[in-house]
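Annotated features in Swiss-Prot:
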BINDING   G220, R221, A222, N223, T224, G225  NAD(+) binding site
ACT_SITE  E243  active site
ACT_SITE  C277  active site
Amino acid sequence: MTLWINGDWITGQGASRVKRNPVSGEVLWQGNDADAAQVEQACRAARAAFPRWARLSLAERQVVVERFAGLLESNKAELTAIIARETGKLRWEAATEVTAMINKIAISIKAYHVRTGEQRSEMPDGAASLRHRPHGVLAVFGPYNFPGHLPNGHIVPALLAGNTIIFKPSELTPWSGEAVMRLWQQAGLPPGVLNLVQGGRETGQALSALEDLDGLLFTGRANTGYQLHRQLSGQPEKILALEMGGNNPLIIDEVADIDAAVHLTIQSAFVTAGQRCTCARRLLLKSGAQGDAFLARLVAVSQRLTPGNWDDEPQPFIGGLISEQAAQQVVTAWQQLEAMGGRTLLAPRLLQLETSLLTPGIIEMTGVAGVPDEEVFGPLLRVWRYDSFEEAILMANNTRFGLSCGLVSPEREKFDQLLLEARAGIVNWNKPLTGAASTAPFGGIGASGNHRPSAWYAADYCAWPMASLESDSLTLPATLNPGLDFSDEVVR
């Protein structure tokens with residue numbers, strides 16, 4: 001029984017599903033998808049639970065959420081192993097994900113008060129108040145690259161605001177989704193407040209098509225986000241938050257410490273086997289001898305990166321991709337770029353058949369026309385050379401995406417120029433593209449999102465503002481508007 005609906009674990013009535021470790025092939029999870037009727041059942045449960053949950057005080061809802069944080073802490077080792085084994089991540093990185101989940105609780109509570117709490121301003125004849133109210137029933141679609149942390153970034157603020165939820169994890173990470181749901185169960189969430197439906201495309205389509213849905217919060221690929229946007233078009237009454245991918249540029253300008261710049265680039269491009277939406281996909285490198293030296297050093301260090309299994313000791317820098325198919329897609333993308341005229345500097349290699357262990361790849365595309373503006377979700381870095389900083393900014397903005405952008409340079413003036421001209425929601429200076437502050441919004445523009453950034457700003461899309469003018473008594477104004485006559489004279 002792998003679905004959690006209205007406080008009960010039940011068996012899915014849809015297609016059967018088996019999840020294997022993408023490196024070892026070990027069977028980790030077996031179950032069945034939710035069919036359309038079970039998705040509707042989950043929605044009815046969430047709708048029935050909404051009035052009571054929304055009427056609880058914030059303090060009462062916060063108690064449950066903080067209890068969940070405590071369970072994350074006490075089950076950290078177990079959840080770390082589940083996420084690592086299911087995604088192919090290494091133990092060290094999965095542990096940082098669980099830590100991020102724990103930290104998200106306090107951050108979300110603070111963000112609720114700062115961004116969507118209550119405010120009151122006294123006026124001569126009363127007061128003006130601002131309150132926030134939950135939307136109702138929200139669907140949360142989780143991604144596979146951070147199956148605990150990223151859905152958590154939607155679920156926690158949505159619950160704090162008083163919403164009820166139907167959560168569909170990625171079909172590639174059902175075990176992680178179930179493990180997190182069982183912790184919420186232990187935390188004492190009332191039945192129907194959070195419901196878990198497992199499944200792939202058919203389950204997702206049934207969920208997004210629900211008429212009695214007040215909104216949808218999505219993290220994933222741009223193509224899926226676009227489909228959801230089209231599906232919900234003409235329904236302005238529903239909140240839609242889309243956090244999608246990017247074709248992110250990293251500009252390497254003048255470099256004082258080549259090894260430091262190489263380290264930053266590897267952290268930007270190859271961490272999590274290149275499976276972060278903010279990863280650098282395009283390296284824009286200044287022409288000249290210094291750029292040549294940097295590129296040679298980047299290739300030399302990157303070719304030492306050997307991916308390994310989640311529990312290998314000593315721990316490698318990168319693990320496997322989410323699946324053998326995902327790894328093969330990266331290899332295919334590299335082959336296509338090479339066929340277009342790209343110059344391979346470091347060829348990506350599958351270490352073993354039927355596994356997702358893939359070494360990083362680097363290919364130079366300078367002067368090649370018609371390179372697709374697409375996100376290759378894996379450890380493949382494309383390189384372009386530029387002559388002037390103005391040209392670098394034009395190249396950086398030459399994408400339909402707009403998630404992250406970075407600059408390596410000692411010159412503050414160039415960063416200030418980039419801040420003015422970059423089209424990206426995250427713009428970093430001498431910091432990895434994959435770094436983000438928990439007290440800042442997380443999201444992009446263009447094909448990277450629909451102006452609903454998450455993280456610190458997630459509270460914004462989990463509640464709607466209600467403005468009030470208030471007075472505890474009603475009296476006739478001392479001064480009336482022209483044309484109003486409240487005298488006792490009888491009009492003849």
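Positions of Cβ are set from backbone N, Cα and C atoms, glycine also.
Note that the structure is a prediction, hence the values are computed from the model and not measured.
Cα of T224 (NAD(+) binding site) to Cα of E243 (active site): a span of 11 Å. Restricting the binding-site residues R221, N223, G225 to those with a CA within 10 Å of the CA of E243 (active site) leaves R221, G225, listed by sequence position. Compute the center of the Cβ atoms of G220, R221, A222, N223, T224, G225, which mark the site for NAD(+); besides them, the chain residues with Cβ within 8 Å of that center are F218, Y226, Q227, M244, G245. By the criterion of other Cβ atoms within 10 Å of the residue's own Cβ, the least surrounded of the binding-site residues N223, T224 is N223. DSSP assigns E243 (active site) to a strand. DSSP assigns R221 (NAD(+) binding site) to coil, not to a helix or a strand. All protein chains shown were included, and the count of other CB atoms within 10 Å of the CB of G220 (NAD(+) binding site) stands at 21.
The CA atom of N223 (NAD(+) binding site) is located 14 Å away from the CA atom of C277 (active site). The C-beta environment of C277 (active site), restricted to residues of the same chain at least 6 apart in sequence and closer than 8 Å, consists of N145, E243, M244, G245, G246, E375, L403, S448.
The most densely surrounded of the recorded positions R221, A222, G225, E243, judged by C-beta neighbours within 10 angstroms, is E243.
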